[in-house]
Structures are given as C-alpha cells and as structure tokens.
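Here's what TrEMBL has on this protein:
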| type | residues | note |
| --- | --- | --- |
| REGION | 142-165 | region 'Disordered' |
| COMPBIAS | 142-157 | compositional bias 'Basic and acidic residues' |
| ACT_SITE | THR167 | active site, nucleophile |
| BINDING | ARG195, VAL196, GLY197, ASP198, THR218, GLY219, HIS220, GLY221 | substrate binding site |
Amino acid sequence: MNPVLVVHGGAGPVSEDVKERVRQGIIRAATVGYGILREGGSAVDAVEGAVVTLEDDPEFNAGCGSVLNTNGEVEMDASIMDGKDLSTGAVSAVRGIANPIKLARLVMEKTPHCFLTHHGAAQFAAAMGVPEIPAEKLITERNKKRLEKEKQEKEAQETDSEPNLGTVGAVALDCKGNVAYATSTGGIINRMVGRVGDSPCVGSGGYADSNIGAISTTGHGESILKVNLARLTLFHMQQGKTVEEAADLSLGYMKSRVKGLGGLILVSKTGDWVAKWTTTSMPWAAAKDDKLHFGIDPGETTVTDLA
Ligand SMILES: NC(=O)C[C@H](N)C(=O)O
C-alpha cells in the first residue's frame, strides 16, 4: 500500500503577514509525518509526529500557539484514534504540557479509558513522566493581544461567523493499509473556562476506521459537535460516496443545518484524499507517491517533489 499523509492548520482566515510561515509550518509537518510512513512507521506514529510538529510551532492554535480563554489561560484539547482496532485516546482542558497529542496517545495505550480531563489528565501526565512546563511558556504576546482585541470587539459569537484560527490535525494511511487521525487545539479565543470543543470528541473532531478511512476536522466546535462532522463524513463514504462528495455533503449539512463553518482532511482506505473547507481558507498539505501538494486559499494548489 502506498502511504498517504494529510495535515491541516485550521479553518479560518489567514492574514498575509503570517501566510509564508504558516505555509512552511504545514509543509514541515507533512514532511515529518510522511517520512515516518515511508520508513514503515504506523499511521498512529505518523499522525502523532505531524501534530507534534504543529503543536511546537507558535503559528498554529495548538500547544505553544494556543489561543487564550476568557481568563487569559491556555487550556488544550486533543484526540487520536487508531483505525486498526478503533482504539482512541483524548484529553481536554489540559494545561502546562507541551504536547497534548502525546498525552492523548498515552490515554489510548496506557489506560482502559478513552478520555481524561483537567485534573485527572494532569495527574495521569505526571504519573507517565510527562514534563510539566510553566503555564506562561505556552502564552505568546500575540495571543495576549488577540484576546484583548476579541474582548473589545466582543459580540455574541455567531455560528456563521468565521471561527478564529487554526486547530491542527493529521490523517494517515500506512503501508499496511491502516489509518489513523490526530487533532489538537487551543480551542476558541475568549471562551468560557472549562469549555470543551469538538477536537477531543471522537466522531466530531476526528475518526479513523481502517475499513473506511480517517478524518480530522476544524472550525466552529459547537457546530461540529452538533452534527458529529467526522463520523457523518465517514458515514457518507460507507454509503458509497467519494471522498470529495462525502466532504461536500457533510460540510454542506453543517452549514445549512446549524450555520456552522469549518474544514476537514480525509483519506480513504484506498488512498484517495481530500482537503475541503467552507471558511475563507484552510492551510493544508498532502503527501503521496513522493509528491507534496499544499495550499491555503481556495483554488491554490502547489505540487512539488519530495526528496
Ligand atoms: N479552530 C478550530 O478548529 C477550533 C476548534 N474546532 C474548537 O472549536 O475548539
């Protein structure tokens, strides 16, 4: 099986001044994830590797680039799923760790549970030897300013307005024909303390089943939760739709039914892939057959050879 790796850097507008850094970040993550697959690594290893790269990049709303809640704090959500046996791990409202996706994977592999939150997740992280980092280390000046601006401009958040900034995610198909997804986020700016979005919720923020394919979603979390965007898309594929059709149907349903905007990356068990969004933009990159495809705005696709 020829491996496939697709990443996204979040649905929403991307301003001109950061575009090149975002583009380079997304290319780096896809190259890391695809490299793992090319060396025979599993789909789970690849999606984790790609998402860690994005969590470590302050351009993206995950890990050290996470946006702030209404108290000016970082609380992060993440989830991961292995399509081989449907095992899954998730964490929500975690603070003071660099890579929530690694903690989600530990939940999947080292506990009998699927999902740990807040204090329990923190205790588990400590027990697993995950280094704690001072909360301020995850707070960037840019995100402090963004919160201030958001508070000044605050009006009740309309679901059909653009979701702010980029959650990150990855999907992979490995040489053995297994798929996986990983999604990680700092949530939405100025949200209530303790608000949990779609990203850690399996079926909404992502899904992976090696009998069908894998998906990672991004966008307005409350809308994604209401329609179970990830599982809904895979349902359409089970009904015989192509990846393109399934993505259009589920994103279209979310827009018409709850006025929600978002985006997704999807790979099928046979290696077809797609990146689709209903927001202005969504940084994405896909690696397959030693070619890298990437873009940010609608209609923009560049293809290069992977060394
Ligand atoms: N930008 C995003 O994708 C945000 C994420 N879906 C959330 O609502 O937490």
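Just so you know, glycine gets a Cβ as well, placed from its N, Cα and C.
Cα to Cα, HIS220 (substrate binding site) and the residue listed as 'active site, nucleophile' are separated by 10 Å. A Cα-Cα distance of 15 Å separates ARG195 (substrate binding site) from THR167 (active site, nucleophile). Taking a Cβ cut-off of under 6 Å from any atom of ligand 1, the recorded positions THR167, ARG195, VAL196 reduce to THR167. A simple way to gauge crowding: the CB of GLY197 (substrate binding site) has 25 other CB atoms within 10 angstroms, across all the protein chains here. In this structure, the CA atom of GLY197 (substrate binding site) is 11 Å away from the CA atom of the residue listed as 'active site, nucleophile'.
Counted over all residue pairs in ARG195, VAL196, GLY197, ASP198, THR218, GLY219, HIS220, GLY221, the record's binders of substrate, the longest Cα to Cα distance measures 16 angstrom. With all protein chains in the displayed structure included, the most crowded Cβ environment within 10 Å among the binding-site residues ARG195, HIS220 is that of HIS220. Neighbour density around each Cβ, counted as other Cβ atoms within 10 Å, peaks among the binding-site residues THR218, GLY221 at THR218. With respect to Cβ neighbours within 10 Å, the recorded positions THR167, ASP198, GLY219 differ, and GLY219 shows the lowest count. When DSSP labels each residue, the compositional bias 'Basic and acidic residues' (142-157) comes out as 12 helix, 0 strand, 4 coil, counted as helix, strand and coil in that order. Cα-Cα distance from GLY221 (substrate binding site) to THR167 (active site, nucleophile): 10 Å (rounded to the nearest whole number). Look at THR218 (substrate binding site): DSSP puts it in a strand.
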